[in-house]
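Data first, discussion second: the structure below is written as structure tokens.
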């Protein structure tokens, strides 16, 4: 028994009205990507059966054509809405108003042609009739053109969704799949109707649209379409260097970009998964802090601060030693390599941001990575909130901050050293120069006065006094010799003080040069460097036996201070060597992991007070050395990336090491003589006859 047109019309009206229920979710979430296109497509899906239902219920031909024109409009709205839904949900892109103009023009043109059809018959030909209440349409050329355009738009959107289906995983994959399949029923029904494959006078397309409605209901309420959807995943977020993760109030991942996936995500990540599983590669404490940053920042409260332990510096003091008179233990530092993660809260570096950022430190591989965590609240509905969490990698910034802090410490220390040299060493040496110069001037004046008195006395001498005068002359000659000797000693004292001042000045200048050139990488011909240094010391100290032993690589790479450090060490060993047969030995040894350049001598050793200044890494007035040479060795070693070690034996000895960058481990440099004296049995690495070995570990 065939269904009457009235029955079909009522059924189609009911179907169209029911399909309007699909507008509920896009109207609740109008800003969710895909919502606007979805709403437009649903409007077309609903108007199609509504228009046909009205057509089948009226017998007036003009009213039937008017109702059919609504169905004609619905087809265009459905096609355009489907394309916009597909584009926005897969790429996050919504066209500008200017880009929407062609779509509006297309719909307007189609409706203008449809409603003016009696004048040109481009949509429905004159052969179109009405049988009872059913319009028996014979389609004109514009109908086929517009149908082709509509099918092209639907096919384009479906291809985008199918691509998302193939690329995505988890919930997003299921969403894309069900949207792709939703197109199939109405397309089949419409093609059967257009080409008359089924011998029935009613349009079967609404039946296919009912099937689409079932798929769309599944997408909305089983697959969380329009509530769990990526936000511009392939366009905006994919290009961001910052890791971006969006989570909802149920701690589900709504969205994430490629950076977040690469840095934090575990295996088989997908939209809709628990946030704790997404961040499973991080320690649970770090995940808790990230979640706290989101929820606390989102509701306006401040994240709790976790104090970070720091090592307090101690003031102690001494000054400096002349070039080569020492080396450098440094300050002790606490290692954090065994910490999986540390967190701290700091102010947001962006003053335009509404909230404070949290800083977290995560151990990744062999290095720590620092991230600034900020969160923004997204009100999805009255009772639903989400948070966009941005994790910005600030590792280079933290590294630069550390470098600047180190630089400030170095400059402050340099200021203290130079101030100490200027206020103490130079003052003392200038006092020595002035005192000896005054005494020298007095000796010269006294000598001139004595000579004048002697000349006057000579004129008054008689013959009887000649013998006595000769004896006095001999005594005066002896006094003159002693006076000349004293004058020469004072001149020598002036010369030595002047040379020491010049040496300190050159050392200070060299320290400044090394600090200014920090960061440069130089490739050294190690044998050439040692040869130049040794030849220079041999010329200046011909009485010191300087030897070289080579058993290491020919080249090394480091900062700009290697030759300076080595020259300072060898000169120190020669300058302060008071042994009967002074000797200095420079040796080059190599292992798989490092190259060691050692300077051994049989001199008096390095006093503890010369090293204490470097242990504290601070100059104070409590102690002083003789110049800036020891600091020059320290900075030169640091600049080349070397570790400086000192081994001594005798009545005064200290052992310590200075690591790269000036961080140090103290192995007894502040011990008493009894505690720090190294016996021969304990110093197997010290050559026979040597009292001090200073080594650069490259």
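Cβ coordinates come from backbone N, Cα and C, glycine included.
Nobody curates TrEMBL annotations by hand; they come from automatic prediction.
The compositional bias 'Acidic residues' annotation in TrEMBL covers 301-312.
Among the features that TrEMBL reports, compositional bias 'Basic and acidic residues' is placed at 339-358.
Annotated compositional bias 'Low complexity' per TrEMBL: 653-685, in sequence order.
Feature annotation from TrEMBL assigns domain 'Histidine kinase' to 421-649.
According to TrEMBL, the feature region 'Disordered' maps to 296-358 (among others).
According to TrEMBL, the region 'Disordered' annotation covers 650-691 (among others).
Residues or ranges marked as transmembrane segment by TrEMBL: 6-23 (among others).
Taken from TrEMBL, the feature transmembrane segment applies to 35-53 (among others). If you look at the transmembrane segment (35-53), the same-chain residues 6 or more away from its ends with a CB under 8 A from one of its CBs are 8-17, 19-20, 22-23, 25-27, 29, 67-89, 94, 186, 202-203, 205-206, 209, 212-213, 216, 225-226.
Residues or ranges marked as transmembrane segment in TrEMBL: 65-87 (among others).
Sequence-remote contacts of a segment are chain residues at least 6 beyond its ends whose Cβ falls under 8 Å from one of its Cβ atoms, and for the transmembrane segment (99-116) they are 69, 72-73, 76-77, 80, 122-123, 142, 146, 149. The feature transmembrane segment is assigned by TrEMBL to 99-116 (among others).
What TrEMBL lists as transmembrane segment is 143-166 (among others).
According to TrEMBL, the feature transmembrane segment maps to 178-198 (among others).
In this chain, the transmembrane segment (143-166) touches the transmembrane segment (65-87); three or more CB pairs sit within less than 8 A of each other, excluding pairs fewer than 6 residues apart. Within its own chain, the transmembrane segment (143-166) is flanked in space by residues 72, 75-76, 78-80, 82-87, 89-91, 106, 110, 122-124, 172-173, 176-177, 179-180, 183, 187, 194, which lie at least six positions past its ends and keep a Cβ under 8 Å from the stretch. The average pLDDT for the domain 'Histidine kinase' (421-649) in the predicted structure is 71.
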